[in-house]
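Asker: Quick one: this structure, given as structure tokens, is what I'll be asking you about.
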Amino acid sequence: MSRRYLFTSESVTEGHPDKICDQISDTIIDTLLYHDDQSRVAAEVVVNTGLVLITGEVTSKANVNFVELARKKIAEIGYTNADNGFSANSCAVLVALDEQSPDIAQGVTQAHEQRQALSDDELDQIGAGDQGIMFGYACNETPELMPLPISLAHRFSRRLAAVRKTGDLGYLRPDGKTQVSIVYEDGIPVGIDTILISTQHDETIDSITDNDGVQAKIKSDLWDAVVLPVLDNIGIKPSQETRFLVNPTGKFVIGGPQGDAGLTGRKIIVDTYGGYSRHGGGAFSGKDPTKVDRSAAYACRYVAKNIVAAGLAEKCEVQLSYAIGVARPVSILVETFGTGKVDENKLLDAVKELFELRPAGIIQALNLRQLPSQRGGRFYQDVAAYGHFGRNDLDLPWEATDKAALLKEALLKVGV
């Protein structure tokens, strides 16, 4: 008997309060690594009405004007009018940054393996910046090997921001959220149940002053300018039963940091797989590559995507775990949920052979320290909104499938 169910994922725009914080945090990462690629950074940001607080720990040779950096990013996002409750030029920016704890630094600078004379391998030099568990996922639901619900939700959010920025829908304001419920039948996406868009907007639109008229105009415009263009090249289309909800509270004029406080690292499911895969709990933004919450999660995605791209599984989840100050992973797990084409133990052996999963190895393989300088001073801030994975609009090293053929070759050698 077939099983029919719904799965829902959400996304938020770059103007969402939490995403403002993520982007400022990662702009700090970009700037510090651009000037000093050995920078150690844990940058947290809080925003509220008229206020930005930058706090955390930074050890770097770079000299950065954090106040100016934050204002520029806020303006780029679109908060330039104080009448909207938050503006780049008028908000207060407070900076309270300390140096990285020497107790933590010693374990990162010289890993347990070298301190105990267990190894002289260069890649054993850097210890994990913290303990923790990280997950990565890939599946064959979309060309970018991402789950369809989060893929569509991000596309709607990016399109929503685009029509605001181009002026096509000039009455839109920066804050917004999207949500998509996909119909599955026996694990395969077959339809769209609900599309939800909540978007901040002007009080009136042209000559339309009553709220009912404003909401009707927004709903019609979003269907034509956001939903239809996104779905144009998607195989699954809305049906007559598909619900399209816009601003279900009835109004969304007060938004951004005036409507809700924002904090770095509060959109970890939006950043990853939309709840479709497990999550270790660690956020990405504001962390330099020695923090395995970030770098190892990227490595997990890299491994999982190459396994699926190689045709070795239809779905794959990879888990890594680390101990603070220790270079080598505590554990590595490869799970294919019954869709694997080869023995999972042999697949795990191939992963261990082909992928370097020590922090220094991940940093080196994915070039995580040099990316900001190679990309003109901005890299991490661009993945801080609209997802860190499955980004066809960005050239992300962990999205490469260069190991797929090598995985198949390695498994052929052992007779799989």
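Glycine residues also receive a Cβ, built from the backbone N, Cα and C atoms like all the rest.
Here's the feature list from Swiss-Prot:
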- His16, Asp175, Gly176, Lys177, Lys251, Phe252, Asp260, Arg266, Lys267, Ala283, Lys287: ATP binding site (BINDING)
- Asp18: Mg(2+) binding site (BINDING)
- Glu44: K(+) binding site (BINDING)
- Glu57, Gln100, Asp260, Lys291: L-methionine binding site (BINDING)
- 100-110: region 'Flexible loop' (REGION)
Asker: Measuring CA to CA, name the entry from the binding-site residues His16, Lys267, Lys287 that ends up nearest Gln100 (L-methionine binding site).
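Answerer: If we rank His16, Lys267, Lys287 by Cα distance to Gln100 (L-methionine binding site), first place goes to Lys287.
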Asker: Can you give me the same-chain residues 6 or more apart in sequence from Lys287 (ATP binding site) with a CB-CB distance under 8 Å?
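Answerer: Non-local contacts for Lys287 (ATP binding site): Ile29, Val41, Ala42, Ala43, Gly129, Asp293, Arg294.
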Asker: Residues with Cβ closer than 8 Å to the Cβ of Lys267 (ATP binding site), same chain and 6+ apart in sequence?
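Answerer: Listed in sequence order: Val12, His16, Asp18, Lys19, Asp22.
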Asker: Just the number: how many Å between the Cα atoms of Glu57 (L-methionine binding site) and Lys251 (ATP binding site)?
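Answerer: Glu57 (L-methionine binding site) and Lys251 (ATP binding site) have their Cα atoms 39 Å apart.
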Asker: Compare the C-alpha of Glu44 (K(+) binding site) with the C-alpha of each of the binding-site residues Gly176, Lys251, Asp260, Lys291, and give the closest one.
Answerer: Lys291
Asker: Using the alpha carbons only, what distance in Å do you get between Lys251 (ATP binding site) and Lys291 (L-methionine binding site) once rounded?
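Answerer: Roughly 40 Å, rounded to the nearest whole number.
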Asker: Whole-number Å distance between the CA of Gly176 (ATP binding site) and the CA of Lys291 (L-methionine binding site)?
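Answerer: Cα-Cα, rounded: 30 Å.
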Asker: For Asp260 (ATP binding site), write down the residues of its own chain that are at least 6 apart in sequence and whose Cβ falls under 8 Å from its Cβ; none is a fine answer.
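Answerer: Result: Pro17.
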Asker: Taking the Cβ of Lys291 (L-methionine binding site) as the reference point, list residues of the same chain whose Cβ is under 8 angstroms away and which are at least six residues distant in sequence.
Answerer: Ala42, Gly129, Asp130, Gly282
Asker: Quick one: give me the count of other CB atoms within 10 A of the CB of Lys251 (ATP binding site).
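Answerer: Looking across every protein chain shown, the total is 11.
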Asker: Within 10 angstroms of the C-beta of Glu57 (L-methionine binding site), what count of other C-beta atoms is obtained when all protein chains are considered?
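Answerer: Cβ-Cβ neighbours of Glu57 (L-methionine binding site) within 10 Å number 16.
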Asker: On average, what pLDDT score does this prediction assign to the region 'Flexible loop' (100-110)?
Answerer: 72
Asker: Under a three-state reduction of DSSP output, how is Glu44 (K(+) binding site) classified: helix, strand, or coil?
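Answerer: The residue in question, Glu44 (K(+) binding site), is strand (DSSP, three-state).
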Asker: Can you tell me how many other Cβ atoms are located within 10 Å of the Cβ belonging to Asp18 (Mg(2+) binding site)?
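Answerer: Other Cβ atoms found within 10 Å: 22.
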